[in-house]
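Visitor: What follows is a single structure, and I will ask about it in a moment.
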Amino acid sequence: MIIMLFKKLSDVSEAEMQRLISRGSGLADVGDTVSAVLSDVRMKGDAALREYTKKFDKVELANFEVSEEEFEKALSEIGSELLGHLRIAAENIRAFHRAQMPETTWFMELQPGVVLGQKATPLESVGAYAPGGRASYPSTVLMTVIPARVAGVEQVIVCTPPRADGSVHPLTLAAAKVAGADKVFKLGGVQAIGAMAYGTETVPRVDKIVGPGNVFVTSAKMQVRDIAEIDFPAGPSEVLIIADESADAAMAASDIIAQAEHDPNAVSVLVTTSETLAEEVEQEVLAQAESTARSEIVKISLENAAVLIADSLDQCIDFSNKFAPEHLEIMVEDSDFVLDRIKNAGSIFIGNYAPVPVGDYASGTNHVLPTAGYAKIYSGLNINHFLKYSSIQKISKSGLESLKETVIALAEEEGLKAHADSIRARFGYRPSK
């Protein structure tokens, strides 16, 4: 029996609301386990990788790096049609992220003799994590590697878990080729994050690690961020749908099921101003859950789901901003009214014909997004995650002279006389010996 929360939003208890808002907060529960694995990888390198790959993936590997022969075999196995679809998705992702690219270097004249600017520089190396396990995720390879390449990152590697026979799914390898990854390693879980953060005999250390994963992977990313920068916490998938009476119940239900099939911990919520729609969606969800291919996972996941009835669109929007969803679908007649008031969302999908899966695969927007409420403080993966910025100042003597008194006054007020003297030195001052 599927137990899904179905209530008027105003009747949701404080405990129920807290469960919805603070979803996915299991990092502390696995922290010690993750820390131990990371420590082993840091100290033992490849030996630890072999140990944990055998323990968790149930496979012994002679080599972690995918060979050129394995890439060629993968490309021959998937066929030209599927490869063509990968290339379509890749080109859309590439085009969208190219549009995000800032001007590499720009300048402005603040005042005569004072020219300020900014220079964007790509990171030197990035490691992309692509989950495995229940399914292969070649789309994640595209979403992580392509923006890094567009940004101009010099070295991009991928880590993804091996299958039981020690291979990587051919579609994942094909995606790595299409996206332009330099190397792919058969490594998953915490040990993969540790390898990319610390470096081993085989796996190069990277400047930044990006990509989603389970609670163990997310915890590992959080723990290594003093060594390698990360994108953001990206855990079990989630969707929030804001709908009114104009929405299609079957479509909304199918989007709830689509999220639920990701993971038993996935979260799907509908908040609507229409009680009729709420009832129809609930019935559709229960029916579709029985017939969908991954029914067992879906039914477990739906225990985290909710159908909520709001008094107004304003109440829907207020709930959404508190929930801060990874994916937000807006299925209302006046979508602009809602969009203008949304503050916190990883990626937004507007209309009955913009379901989350189109963004997951091929529209071009990025599907690596903050979850568990982190959309309040993080943006989804974008070109800026692969760039760093240096400010520039070009100042002439006359320009410095116009700022001289201000700088000297502020420096001396802070008790930093040498700062003030460095300004005076440009105008003939020499400190006494």
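For all residues, glycine too, the Cβ spot is worked out from N, Cα and C.
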Visitor: Select one of HIS169, HIS327: the residue that Swiss-Prot places in the substrate site alongside SER237, GLN259, HIS262, ASP360, GLU414, HIS419.
Guide: HIS327
Visitor: Counting other Cβ atoms within 10 Å, pick out the least crowded of the binding-site residues GLN191, ASN214, SER237, GLN259.
Guide: ASN214
Visitor: Restricting to the chain of TYR129 (NAD(+) binding site) and a gap of 6 or more, list residues whose Cβ falls under 8 Å of its Cβ, or answer none.
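Guide: In sequence order, THR144, VAL158, CYS159, THR160, ALA192, ILE193, MET196, ILE209, VAL210, GLY211, PRO212, GLY213, VAL217 meet the Cβ cut-off.
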Visitor: Say we define neighbours as other CB atoms within 10 Å of the CB. Which of the binding-site residues HIS327, HIS419 has the fewest?
Guide: HIS419
Visitor: In angstrom units, rounded to an integer, how far apart are the Cα atoms of HIS327 (substrate binding site) and ASN214 (NAD(+) binding site)?
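Guide: Their Cα atoms are separated by 17 Å.
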